[in-house]
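Have a look at the structure below before the remarks.
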Amino acid sequence: MTTETLTTAPPTSTGTPKSAGPAGQGGRRVRSAALTVFTWIVALVFFMPVLWMVLSSFKQEADAASSPPKFFFVPTLDQYAAILGSGAGGYFLNSAIATLVSTLIVLLLAIPAAYAVSIRPVQKTQDVLFFFISTRMLPVVAVIVPIYVVAGRLRVLDNVWTLIFLYTAMNLPLAVWMMRSFFQEVPKEVLEAAQMDGASLMTTMRTILLPMVAPGVASTALLCVIFAWNEFFFALNLTAVNAATVPVMLVSTMTSEGLFLARLSAASVLASLPVVIAGWIAQKQLVRGLSMGAIK
Amino acid sequence: MATTVNPSTRSTTTEAHARREAWRRRLPLLPALVFTIIATQIPFLITIWYSMRSWNLLNPASDVFVGLQNYIAIFADRTFRQVAVNSVLYTLGCVLLAMLLGIGLALLLDRKFIGQGVVRTMLITPFLIMPVVSAILWSISMFNPSYGLVNWVIGLVGIPPVAWTSQYPFLSVLVALVWQWTPFMMLLVLAGLQSQPKDVLEAAQVDGASTLNTFFYITLPHLRRYIELAVLLGAIYVVNTFDQIYLMTAGGPGTQSANLPYYIYQRAFLGFDIGQAAAMGVVVVVATIVIATVALRLIFKSFMSTED
C-alpha cells in the first residue's frame, strides 16, 4: 500500500487522463464534486451513532432522552464530572494495567519468536506459524469453562493477572505474525553485513534489527492494545469487584442507571476514547494487523 | 503446507554442530511457544475431558464420567440446533452485508477528494469503538422505542415507532454487527484497490473500456484474494460474537436471538452445567476448524506470494 494514496490530496485533480475535451472535463468535474458530496453524506450517516453518543454525553438527562431528539442544547460537562467522581478510576486502572502489561509481555515473547520464524528460521517454520494462528481462531467459549474452574481452584478469580495472562495468549499469535511480516522487510544485506562484522545475535538485534522495525513494534503494540482494551467476555466471567475492567463498569452502569442516557453516553465516550485514538494513529497499519500481516 | 525443508538450515558441518545450531535457532521461539501451548491447548484438553462428564457446579456429587452422553444430549436439544442456525445466519448475514457495504465504501474512498482522510477516519471508527459501547449505542441511543434516533427518522416519513430490540431482536443485533464489521471489510478491500497496478487501469481507460467493464473484468478479479481473506477472517471473528447479544437482547425473547457463544455462556454461568457447556464448546471448535482451515490456506498463499 502506498502512503501517498492514503493522504488527503488537493481537490484539483480528478484522477483521470486529460484525453477528454473541455466539455467532457467540465462534466467530469461536476460528477466528481457530486461523488464527493455523496461520499461525505454516506460517511456522516455511518458515523451518526458515534456523533450522537458524543453529543448526548454533553447534554443534561432531560435533553438526552427527549423526543423529538434535541440537536441544539447548552453543552455541559456535568456527566463527565459525575462519572469521574463516581469511582470509575479503579476500572480504568484495571483496564490500563491489563492492557499495558499484557501488551508488554506479548512484545517480549513475540519479537524473539518472530525472529525465529523469519530471520534465522527454525525447521518447520510453517508448522509453527500455522500453530500460532490456529490458536487465534479457537473460539474463546471453548476454553472459558476450564479457565473459570481452574482459576477458581487456584484462587485467581477476580485477579487482574488472570486477565493479563489471557490477553497475552489472545494477542500473541497476532503479534508473532505481524512482527514476522515486519522482519521480512529488513534487507538481507544489512544482516549479512552485521554477521560479517562478527556482531553477536543480541548486538544485531539491539543495534540493527530493532531500530529498523521500531515502527512495526509500535503498530503491533497498538493493535494488541485495541483488542485487550475492548475485551469483554473474559472480564465479565472472571472478574467481580477487584479486577473489573471498563466494559464491565459500563454494563453495570447500564443495568443500574439504564435510563440515565447522558451519563451512560459520557461513560461510553471515556471508555472508547483510548482505543479510538490508538486506532486513528495506527490507521495505516490497521490492515496489516487485521489480516495477520498477509496484506501490507 | 506441512513440511517444506528450509534450504538455509542445511549445514554441511558435523551433526553435533548442526544440532547445536538448530537449538540456537529454536531458543528465541520457545518462550512464546510454551506459553501458547499452556494457555490454549491445555484448557482445550480439559474442555474435552469435561465434555465427557456430567457435572453441575451446584451439585458436586454429579461429577461422573458419562462418555459421549453430553454430545448425544446436545444433538437432541432443539434449542441447540436453533442457536446453531442463528450462529450461521448471524455470521453469513453480517459478513455478506458488511462486505457489500465495505466494497461500496472502499470504492468511494479510492479516489482523491476533499477531506479523504477525515472521511476514512470517520468510517473506520465503528470498528474501533468498544463492542460493549456499540451494543449500548444501538440498543439505547438508536433503537430505544421512545427517544431512539431510528424511530425519530422513520417517524419523519410517517412510520409509527417500533420496539426494535424486542420486536426484531435478530435484526437489531445484525444491524449493530454489520455496522461494526463494515469498516473491517472496507479496509481490506481498500488495500486491494490501492494495490492495483496503475498501468493496467490506465491502459484499459486508453482502450476505451467503460468504468463498469473495468470494474468487473479487471478490478474484481484482482480483489478476489482480498475479498476471500476478509470474508473468512471476518467470519471467524463474527462466529464468536457475544457482547452485542448479551447487551442488546440477552438472547431473547427465549433463545430467539441467541447464538452459540451466548447459549454456552448461559449453560455454563447461569445453568452451571459444565459438562454440556464443554461439549458445546468442542462442537463449536470443530465447526470453526472447517472455516479456519480454508482461511489459513489463503493467508499462507498470500504470504508465500509476497515472499521473495
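Positions of Cβ are set from backbone N, Cα and C atoms, glycine also.
Annotated in TrEMBL:
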TRANSMEM  B:29-51  transmembrane segment
DOMAIN    B:84-295  domain 'ABC transmembrane type-1'
TRANSMEM  B:88-109  transmembrane segment
TRANSMEM  B:121-140  transmembrane segment
TRANSMEM  B:170-193  transmembrane segment
TRANSMEM  B:226-247  transmembrane segment
TRANSMEM  B:277-300  transmembrane segment
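Stretch with the largest number of CB pairs closer than 8 A to the transmembrane segment (B:170-193), among B:29-51, B:88-109, B:121-140, B:226-247, B:277-300: B:88-109. Of the Cβ pairs linking the transmembrane segment (B:29-51) with the transmembrane segment (B:277-300) and spaced 6 or more residues apart, 3 or more are under 8 Å, so the two regions touch. With a threshold of 8 Å between CB atoms, the same-chain residues lying at least 6 positions outside the transmembrane segment (B:277-300) that come near it are 1, 44, 47-48, 50-53, 70-71, 73-74, 80, 225, 228-229, 232-233, 235-236, 239, 260-261, 263-264, 267-268, 271. Only residues 6 or more beyond the boundaries of the transmembrane segment (B:121-140), in the same chain, are considered here, and those with a CB under 8 A from a CB of the stretch are 105, 109, 148, 165, 172, 175-176, 179-184, 186-187, 243-244, 246-249.
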